[in-house]
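J.: For 89-94, 141-144, 176-185, 211, the entry in TrEMBL reads FMN binding site. Annotation source TrEMBL lists NADP(+) binding site at 301, 538, 599, 600, 605, 606, 607, 608, 609, 642. The annotation FAD binding site is assigned in TrEMBL to 457, 458, 459, 460, 475, 476, 477, 481, 491, 492, 493, 494, 680. According to TrEMBL, the domain 'Flavodoxin-like' annotation covers 83-227. The domain 'FAD-binding FR-type' annotation in TrEMBL covers 282-524. The transmembrane segment annotation in TrEMBL covers 20-39.
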């Protein structure tokens, strides 16, 4: 016979089928067992979470907090605010600008708040019209190849895919971009136009900041006109001079237990002692330095080939990705600040947001010592912006120092000129300012509030995971230069890396926090597709990975397409990096052609762009006749622009097209990911 589930049951002795079968009993036992373990496991997890030590999350909310705080409209209404400033930020600048705008709102009777779009339900924008004289401002950076920043991605996709009625929403947009990149401020421009399409009212025209020139000047000029437009639109007047209102208040933490004090972790307390996968921007992996060698043969410049050990980390990367390195400031500069301000750098403190409704309770992980903050969390080597000059005025006891700061903080032509010459041209950082204006003695906690966060540095990965699955390679030039004031400025990350030399004995190997950032800089899906790679200097880095990957495919017996590399450096006998490797790839057939330009090995300088112009037929054969891919890596300011112009010219001449047709052809290549750039300025 069969039971109700179709299972055959022997029944030779018992003539009647039992009410509950053996299978039913077995299933019942299994269900009870699973339920038992599920309940007590959950209870155990709940108990263990209650026993965890208290930690401060400076830049992120728990999932529960995010859910409860996702409605920025409720926050605005409950706190009597009418101004919200959203930011899309990858390096912290857009977030800083957003904070400055929100703070200034008080001068115009508009109480403001800063909001991260990633932590907000942006569909609530439709309800902004319910708040009288409300205004939404967007400080939005464009990142990579015309992409939104990570925290603005969901908002960008919502605008693209949604069709919300934003009538009654008043808005303004300031974009942060770089003119050396092709997609200059593309995301900000799109958001500005899309908001208008959805019915919102533009209160002030979009501002476009250029980081290649003076983005601070662009922002200040736009901001001043913004408030003029706001006053006109709402019929309000400025209440008076801006007062230096502190955003954070100092909390003495001298009694805090040592195990609850941050010592350089990015977000989670003790995260470097107890590493947990997955690793990302807020939870980097503490990687050992496996190799650190000099690939230059001679000369006055230094380069580094570094290999990060990721064995056992579960981290995975793809050829063309970037690795982010978290640096720390030199102890010499940190000690100098303590000396100039006569401060105890080992005092434990915390900065607590005076706005109780803000999701960002601290500007960086707190509590910590001043030494930790200045070493790991604060940028003390970049040029301070004008708002810092303004905040320092009250701390100047010498009238001359005070007047100089007032001038540089002003938006007058004379003030802008002075700021440009004294800060930007002479390349002064906060340490230099405190040295050269000796009467300026700011409270150290206030200085910690003012200084921007120290950002991680990104490097193109110069290895393939097919060949090196347990390590990540980078190729970086050591940054050292003399400023007009005869000071030596040093690159924060590269000078730290230069000191991390692995040892051959049993001593602990040097480590540094890293994580992998995904890239769109990818080899074609088919290994047979021909490619051209243009990478002078350390622009060779990702192409080393490309070549390794194709060489791996060739050794597996797969067919690979043509690989043409254009590489250039100063002198063959000095800075021809990876020469032996490249020559070996040429010899075994992986690298079809290697075009070399050594700019200073002959009277007239010779660059890769000259070689490209000479090889127009080869270029067109691959990108035109064979639909191959072209890649550029290196300097965005001149090299990448020159390459683009040459490619357009080649397409015109060899493809027999007009200028507009050639531009469209190259544009289509970019859209199809057949023309890719990994560039920096």
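Cβ from N, Cα, C; glycine included.
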J.: Which of these binding-site residues has the least crowded Cβ, counting other Cβ atoms within 10 Å: 89, 178, 475, 599?
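T.: Sparsest of the binding-site residues 89, 178, 475, 599 by Cβ contacts within 10 Å: 599.
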J.: Do me a favour and check the Cα-Cα span between residue 459 (FAD binding site) and residue 607 (NADP(+) binding site); whole Å is fine.
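T.: Rounded to the nearest whole number, the Cα-Cα distance is 23 Å.
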J.: Taking only the Cα atoms, work out how far residue 181 (FMN binding site) lies from residue 680 (FAD binding site), in Å, as a whole number.
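T.: With distance taken Cα to Cα, residue 680 (FAD binding site) is 8 Å from residue 181 (FMN binding site).
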J.: Compared by Cα position, which of the binding-site residues 89, 92, 609 is the closest one to residue 493 (FAD binding site)?
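T.: Its closest listed neighbour, by Cα, is 92.
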J.: What is the separation, in Å, between the Cα atoms of residue 605 (NADP(+) binding site) and residue 92 (FMN binding site)?
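T.: Residue 605 (NADP(+) binding site) to residue 92 (FMN binding site), Cα-Cα distance: 39 Å.
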J.: Rounded to the nearest Å, what's the C-alpha distance separating residue 184 (FMN binding site) and residue 680 (FAD binding site)? Just drop the number here, would you?
T.: 13
J.: Which whole number of Å gives the largest C-alpha distance between any two of 457, 458, 459, 460, 475, 476, 477, 481, 491, 492, 493, 494, 680, the residues noted as binding FAD?
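T.: Largest pairwise Cα separation, rounded: 23 Å.
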J.: Quick one: give me the count of other CB atoms within 10 A of the CB of residue 92 (FMN binding site).
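T.: Its Cβ has 16 other Cβ atoms within 10 Å.
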J.: Of 477, 493, which of the binding-site residues has the most Cβ neighbours inside 10 Å?
T.: 493
J.: Output the one of 301, 457, 605 that, of all these binding-site residues, has the highest number of other Cβ atoms within 10 Å of its Cβ.
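T.: Counting every other Cβ within 10 Å of each candidate, the maximum falls on 457.
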J.: What is the number of residues in the domain 'Flavodoxin-like' (83-227) that are helix, strand and coil, as DSSP sees it?
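T.: Computed counts for the domain 'Flavodoxin-like' (83-227) are 65 helix, 35 strand, 45 coil.
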J.: For residue 477 (FAD binding site), which of the binding-site residues 92, 301, 599, 607 has the nearest Cα in space?
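T.: Given the candidates 92, 301, 599, 607, the nearest one is 301.
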J.: Around residue 680 (FAD binding site), which residues of its chain at least 6 apart sit with Cβ under 8 Å of its Cβ?
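T.: Expected: 634, 635, 636.
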J.: For residue 609 (NADP(+) binding site) and residue 178 (FMN binding site), determine the Cα separation and express it in whole Å.
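T.: Their Cα atoms are separated by 23 Å.
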J.: Whole-number Å distance between the CA of residue 475 (FAD binding site) and the CA of residue 301 (NADP(+) binding site)?
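T.: Distance between the two Cα atoms comes out at 14 Å.
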J.: Taking only the binding-site residues 92, 141, 178, 457, which one has a CA atom nearest to the CA atom of residue 607 (NADP(+) binding site)?
T.: 178
